[in-house]
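Trainee: Got a structure for you, questions after.
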Amino acid sequence: MTCASCVSHIEKSLQKEAGILSVLVALMAGKAEVKYNPEVIQPLEIAQLIQDMGFEATVMEDYTGSDGDLELIITGMTCASCVHNIESRLTRTNGITYASVALATSKAHVKFDPEIIGPRDIVRIIEEIGFHASPAQRNSGAHHLDHKVEIKQWRKSFLCSLVFGIPVMGLMIYMLVPSHEPHEAMVLDRNIIPGLSILNLIFFILCTFVQLLGGWYFYVQAYRSLKHGTANMDVLIVLATTIAYTYSFVILVVAVAEKAERSPVTFFDTPPMLFVFIALGRWLEHVAKSKTSEALARLMSLQATEATVVTLGEDNLIVREEQVPMELVQRGDVIKVVPGGKFPVDGKILEGNTMVDESLITGEAMPVTKKPGSIVIAGSINAHGSVLVNATHVGNDTTLAQIVKLVEEAQMSKAPIQQLADRFSGYFVPFIIIISTLTLVVWIIIGFIDFGVVQKYFPTHSKHISQAEVIIRFAFQTSITVLCIACPCSLGLATPTAVMVGTGVAAQNGILIKGGKPLEMAHKIKTVMFDKTGTITHGVPKVMRVLLLVDVAMMPLRKVLAVVGTAEASSEHPLGVAITKYCKEELGTDSLGYCTDFQAVPGCGIGCKVSSVEGLLAHSESQQSKQAAPPSRAGSAPEEIDGTPQTFSVLIGNREWMRRNGLTISSDVSDAMANHELKGQTAVLVAIDGVLCAMIAIADAVKQEAALAVHTLKSMGVDVVLITGDNRKTARAIATQVGINKVFAEVLPSHKVAKVQELQNEGKKVAMVGDGVNDSPALAQADVGIAIGTGTDVAIEAADVVLIRNDLLDVVASIHLSKRTVWRIHLNLVLALIYNLIGIPIAAGVFMPIGIVLQPWMGSAAMAASSVSVVLSSLQLKCYKKPDLERYEAQAQGRMKPLTASQVSVYIGMDDRRRDSPRATPWDQVSFISQVSLSSLKSDKLSRHSAAADDGGDKWSLLLNDRDEEQCI
C-alpha cells in the first residue's frame, strides 16, 4: 500500500464480498482487521482476495500458549496412525480440551486449561510417544514495522530507473546549454532518416526500456486497481507516462511517414525522469516510515525469545538449568536471570537483590531496587547480580505483551480527521484526471483562438515547428504535468504517520493511548474529573502519625508498637493491616508476638491479650544503653518478672470503644483526634493494661504529585473536579490538600456517569481519571477515559488512556502530547492541501503570466518531495520530551497554595446544592465515631488484596500494585 487510495480500495472491495462484516485497514501498520462469518468465508480466502487486488497479504496467527491456545510443529509422523496416536493421547490428558493434528502440514493445534497443564507439559507428552515437537513460528506482522521489503523494492526500482534516467538528464542539460558554434548545437538534431533525429532515437530507446523495466510495477498495480473499479496514485503515474509515450510515438511515426525535414519535439524524456523521481520519493518515504514505528519495534525487541528455567532442590539449591523457548514457559516456573539479561516474564523475585532498569517500559529513568518478594516486569533489564524469579504472568499476559498489544491496536485505529482525509483521497484521482483533461482542452482552445498567448509564454527553439504543433505540445505538457504533480499520498500520510509516532512516543514515556481518537480528543479537554481513592490518593491506608500519650519511661514507643502490631496482626481490616505493616517496618522485623482472646466489635474496635513481645525489643535494646527498669506502680505496664513473659491487655478503637471499657478521654486527646479527622484521617486510640497510651492517625495518603498535577491543569485552563463515593468530610479534606474547588461526594457509580453526561450536555469535553471497577462506567462515558496502570483490569479495559507509572503528572503529559500531535497533524494537512491547491494550478499553467511554467519531470519531483516532507514532519514528534517534575515545580513556584475549607464547594450525590463547610461543635468532637471500624467481621471486611494485585494476577493488570518503595527518587 502506498497511499490512502490503496486503503480505500481494499476496504471497499472486501466489503462487497459475501461473509465480510467489517474491514479496517491501517496504512502505516500494514495490517487489516477483518470481521467475517466463518460459515461463508475463511481467512486464507480473504488474504487471497487482497492478493488478487495487487497487494501481498498473509494471515496473522496468534497461538502463544499463554492463554490456552498452542500450535506446534511435530516431526516424525509418517501416516494417519501417527496422527491418531498423538490426538488420542492428548485428548485423554487432563486439562487438554481439544487437539487436532495435520499430517500434511506437520502441525498440531492444542487447546488447554493453563491452570491444569502447561505448553511444556504438552510437548513432553508428545515426545514421550516418540515424536519431536516445537512451537510453531508465528506470523505476528512485526516485519511490517521496518518496511524492509518496501525499502528494498523501491531502492531497486530507483536504481533501475536511474540507469536510464542519467543519460536522459544528461541529454536534457546538453540541449539547454547554448553552444558558441552554431553547427555543434545542431549535432543531435540531425536526422538519421527524414523525420527521425539522433536525439529522438536515443530518447525513444531509453524511454522504451524504462517503460518495460522500471514501469512494470506501476502498470500491474494500475491494472489491478482499475480491474476492481477504483483508481489510486499508480493510475495517475501510468496515465501520465502512457500519454507522454503514446503522443511522442505517434507524432514521431507521422513525421517519418511524411518525411518531414525536422524531427518533432517529443515527450520521450518525461517517463524516465518521472519514474526516477517517483521511485526515489517512495524509497525515501518508506525509509522515513520505518522510523515512525521505531518505538513499537523497540518495545517488541524487548520480548525475550527464550528463558533459563531452573529446578530447585532442597534449601532452594539449583538442581538443573534448561533453556526453554518463551512459548513453552509456564506460570509457576522458576526463571534465572543473569546480570545484563532481560526478565522474560512478569514475576516475583525468589532469591537475590538487584537494580532493574524499567525505563523502556514505564518511562522511569532511574533504576529500581528489587529484593525477594519484589515484582519484576518482562522486558526490564537486570543490572546487577543473578536472581531467581517465580513466573506469575507469561506470554500474552505479561505487562510488556499487553503494552505492545495496546500500542498496536492504537496504531490500527483511525482518528476522525483521518477518516475525512481517506474519503477525500478516494475521489482525488478521478478529480485530477478530470482537471488534466480540462487543462488539455482549454489550452488547445486558447491556443487556436489566440496563439500569441502560447507563443509569448512558451517560446519554441525552432521556427520550423508549426503553430498547431506548438499548441498541441504545450497543451499536452500542462496536462501531463497536472497528472505528475497531483499527490493524494501526502494527504493520506498526514494523520497516520503522526498518530503512529505520537502513540509510540507516549508509550516510551509510560502513557498508553488507545488509538487516534483519544489522541485527537485529549487536547480539547476542558474538564478533568478525578476519582479519589487510588487516584488522588494511594488507595492503601497508611499510618500518618503515632502520638504517645504516656511518659516514655513508663511505656517506650517501641514497646507500644510491638504490642499494637501484634494485636492488629489478627485483624484483616485494611486499617489493621496498615498498622501492622507500620509496626513491622519501625521495629525492623517480620515476626511479632502472640495474640489470644481476640475480639472485634463492629463500629468500635478490638480487644485482645498480647504476650511474648519482649524478644522483639531485644535487638533494639542491645543497640541502646540499658536503662534501669522504672519502679512498678499502679496502672503501669508490667515488666517481665523472674523471666516469665508478661501478658498485656490491649484495647484499640475509637472514643466509644474506650468509653465502653471505662476509660476517660481528656479534652486534649479529643482535640488532637478531631484535628486529624478534619483532615480526612481516621484517629484510633490504644490502651494497654487500662492506660491510654497512644493515638494513631491513619489515612489514605494523598499522592505527592497530586497537588502539582491539579495546579498545572488549572494553569492550562482546565477545570478540575473531585468525584468520590467517600463521605463529605474526607472528600473536603482531600480537596483542600490538592487544591480542587469543586467536589462531588457520596456518589454512586451511576452518579459518576450522570455527572459526566451532564457536563457533556453543556458542550464540554470531559476526561475521567480513575482506577476502580466503580469508575469504569464513567471512564467509558467520558470523552477521554484515563486509567491508572495499577488499577483494576475493568478500568483499564474501559479507558482510552492508561498511565503505566501511576503518576498523575502523566495526565498533564497526555494532554500536552495530544496538543503537540494534533498540531502536527494539522500542519501536515495544511502542507498537503497547500501543495495541491498551489501545485496543480501552477502545473495547469494558471501562473504562466508571471513566468512560472513547470515541466512534467519537475512536477514528479515536487510530488515525491511532498510525501517525504509530510513523513519527515511527523518524525519531528520523536523529539518530544515529556516535561519533568522540576519543570512543573518551577512553573508552579510561589503560586501553588492549599485551599481553605471555605473555598471548597461540596455537593452530595446528584444534589447540586453546595454544602458549606460546617463548624465543629463540642458535640461533634465528643460523638464522632470513625467511619471505618477495626472490625474483622465479614460485613465490614475488605480483602487485603483489594488495593494490590492478586498473586496470580489479572489478565489485564498492566502493573501490579505492590511496587517497591525503594525506587530511587
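Glycine is no exception: its Cβ is also placed from the backbone N, Cα and C atoms.
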Trainee: Can you dig out which of the ranges 474-494, 537-557, 852-872 TrEMBL describes as transmembrane segment?
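Mentor: Within the set 474-494, 537-557, 852-872, TrEMBL attaches transmembrane segment to 474-494.
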Trainee: Are there 3 or more C-beta pairs under 8 Å linking the transmembrane segment (231-257) with the transmembrane segment (158-177), counting only pairs at least 6 apart in sequence?
Mentor: no
Trainee: Does the transmembrane segment (829-851) make contact with the transmembrane segment (197-219) through 3 or more Cβ pairs under 8 Å, each pair 6 or more apart in sequence?
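Mentor: No, these stretches are not in contact.
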Trainee: Under 8 angstroms, Cβ to Cβ: which one of 197-219, 231-257, 263-284, 474-494 has the largest number of such pairs with the transmembrane segment (427-454)?
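Mentor: Top-ranked stretch among 197-219, 231-257, 263-284, 474-494: 474-494.
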Trainee: Would the transmembrane segment (197-219) count as touching the transmembrane segment (474-494), i.e. at least 3 C-beta pairs under 8 angstroms with sequence separation of 6+?
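Mentor: Per Cβ check, the transmembrane segment (474-494) does not touch the transmembrane segment (197-219).
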Trainee: According to DSSP, how is the domain 'HMA' (1-58) divided among helix, strand and coil residues?
Mentor: 22 helix, 13 strand, 23 coil
